[in-house]
Amino acid sequence: MSHILRAAVLAAMLLPLPSMADQAGKSPNAVRYHGGDEIILQGFHWNVVREAPNDWYNILRQQAATIAADGFSAIWMPVPWRDFSSWSDGSKSGGGEGYFWHDFNKNGRYGSDAQLRQAASALGGAGVKVLYDVVPNHMNRGYPDKEINLPAGQGFWRNDCADPGNYPNDCDDGDRFIGGDADLNTGHPQVYGMFRDEFTNLRSQYGAGGFRFDFVRGYAPERVNSWMTDSADNSFCVGELWKGPSEYPNWDWRNTASWQQIIKDWSDRAKCPVFDFALKERMQNGSIADWKHGLNGNPDPRWREVAVTFVDNHDTGYSPGQNGGQHHWALQDGLIRQAYAYILTSPGTPVVYWSHMYDWGYGDFIRQLIQVRRAAGVRADSAISFHSGYSGLVATVSGSQQTLVVALNSDLGNPGQVASGSFSEAVNASNGQVRVWRSGTGSGGGEPGALVSVSFRCDNGATQMGDSVYAVGNVSQLGNWSPAAALRLTDTSGYPTWKGSIALPAGQNEEWKCLIRNEANATQVRQWQGGANNSLTPSEGATTVGRL
């Protein structure tokens, strides 16, 4: 054992251990949210297979360092399974996006198996967790020469049993997809095991750090929990439950429930976060003030921590190219900046749509918001309070390092009207319709005790898949020497150098070190920086460097 590793083991033994939930990368309620500090990029749009046929994995590989430098800790990848389907209704056509796959072969319209592995390796090496979109509910059972053979009449398919309509039957415990003839019986032991083994394969061979479960209205949430337990228990997961109260039958309790209650119930049973369609519905149908009614704005942190917030995605929003993509529920252009300002400064796990980030000119604005979120230490379960008496939406968000005051389409004059202390303006966009202030960095922000932004750098941080470089030190903002509370550095554009900005009290002598640990299990400390501690006296814009 090297002296560095020996020191790391000894240090870990002497430090307080995190809870078991923390060790597993789960919330206190055992939900797989990976610590609640993820910022996810949706790594595709609907027309990718037509705009960049057979080349998308190469593009993701080439963009890996940029994605990491932009502040994303995870990427939602397209469905990796082969889909050569096609459809046309006269005015529109499509197919091949992965949502009507026919087998688990990875040589599809996004690129080859080898290109997928290279992209996953590049992203993982840059510190970006790979989350695969998976579609267990249905498949293209009629495609010739597929590598999966599930004969009819043996209980593998929904329509092997009598179908009462769009309700569960003896061969399917969820809603049917379109007519239901393509729906798999995920409760059948062979079908269940087929997916369990494939999820394990994606984790072990293709760098999966988690999964996005498509169309979860089609199968029991408990099945998602079982798959995760059996194949990737410490990984991230999120479910797409796009089903409003009115879509449930009159005898179902969800028919008179709220969107929040419906999606939270799914999360409780699946033990996975869930897309915040409660917030999306308010973005589409309510005023900006109504955005507080999303799952991420719930007064209970156990509700906020499971919310995966988004503005638009490949289904709801527009895409470059043919027919503008799906755009089933697209947010109006005039609210896109306000929506990103909200999800990137508030609780929940935010997802940024690829086209908003890299195609349509919102990238610089989104980068600025990501930096504000990271510096403030806003997490999925951060506290949020809303303030009435003003137009638009006004909220105060308490991060681990700074407090943010957010005003959207509001007549709020200054943050002092709703929060005490010193604040400085962090964001002012859309002619004042988007304003964000942060605590501790106003004029005089260099005075002792005020929070200032310090750039941290750790050199020589070579890591394995699933590990990252962290800064840990002798103040609460640096975790009080606890690896479980250390601050992850997210800029890996110069890998193996890792960088990040951390807000620290000005004028106080502080000490810190670099360390490498597993992202999901804080007890798995791989390496502590050797030698003496790094020392600094924080001031606004200062830089401090450590070396592993």
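Including glycine, each Cβ sits where the backbone N, Cα and C put it.
What you see is a predicted model, and the numbers here were worked out from it, not measured in a lab.
Here Swiss-Prot flags Asp214 as active site, nucleophile. DSSP classifies Asp214 (active site, nucleophile) as coil under the three-state reduction. Non-local neighbourhood of Asp214 (active site, nucleophile): Val79, Tyr99, Asp133, Val134, Val135, Pro136, Asn137, Glu240, each in the same chain, at least six residues away, with C-beta under 8 Å from its C-beta.
What Swiss-Prot lists as active site, proton donor is Glu240, and the listing cites a curator's inference. Glu240 (active site, proton donor) falls outside any helix or strand according to DSSP and counts as coil.
Per Swiss-Prot, the feature Ca(2+) 1 binding site maps to Asp22, Gln23, His34, Asp37, Glu38; the stated evidence is experimental evidence. In this structure, His34 (Ca(2+) 1 binding site) is part of a helix by DSSP. The Cβ of His34 (Ca(2+) 1 binding site) has Gly25, Ala74, Lys129, Gly209, Gly210, Ser235, Phe236, Glu519, Ala520 as same-chain neighbours under 8 Å, each 6 or more residues away in sequence.
For Tyr99, Phe100, His138, Phe177, Ile178, Gly179, Gly180, Asp181, Arg212, Arg217, Gly218, His314, Gln326, the entry in Swiss-Prot reads substrate binding site. For Gly180 (substrate binding site), the same-chain residues that are 6 or more apart in sequence and have a Cβ closer than 8 Å to its Cβ are Arg158, Asn159, Asp163, Asn166, Asp172.
According to DSSP, Cys161 (disulfide bond) sits in a coil region rather than a helix or strand. Among the features that Swiss-Prot reports, disulfide bond is placed at Cys161-Cys171 (among others), with the record citing experimental evidence.
According to DSSP, Cys272 (disulfide bond) is assigned to coil rather than to any helix or strand. Around Cys272 (disulfide bond), a 10 Å sphere centred on its CB holds 28 further CB atoms from the protein chains shown. Annotated disulfide bond per Swiss-Prot: Cys237-Cys272 (among others), in sequence order.
Feature annotation from Swiss-Prot assigns domain 'CBM20' to 446-548. Break the domain 'CBM20' (446-548) down by DSSP state and the numbers are 9 helix, 52 strand, 42 coil.
Sequence-distant contacts of the region 'Disordered' (529-548) (same chain, at least 6 residues past either end, Cβ-Cβ under 8 Å): 3-4, 7, 441, 445-446, 452-462, 469, 471, 473-474, 504-516. Here Swiss-Prot flags 529-548 as region 'Disordered'.
According to Swiss-Prot, the feature signal peptide maps to 1-21.
Mapped onto three states, the DSSP output places Asp315 (site 'Transition state stabilizer') in coil. Residues annotated as site 'Transition state stabilizer' in Swiss-Prot: Asp315.
Take the CB of Gln326 (substrate binding site) and look out to 10 A: across all protein chains shown you find 20 other CB atoms. For the recorded positions Asp37, Glu38, Cys161, Cys171, Asp315, a Cα to Cα distance of within 10 angstroms from Arg212 (substrate binding site) holds for none.
Separation of the C-alpha atoms of Ile178 (substrate binding site) and Asp315 (site 'Transition state stabilizer'): 16 Å, rounded to the nearest whole number. For the pair Cys161 (disulfide bond) and His138 (substrate binding site), the C-alpha distance works out to 16 angstrom.
Cα of Asp315 (site 'Transition state stabilizer') to Cα of His138 (substrate binding site): a span of 17 Å.
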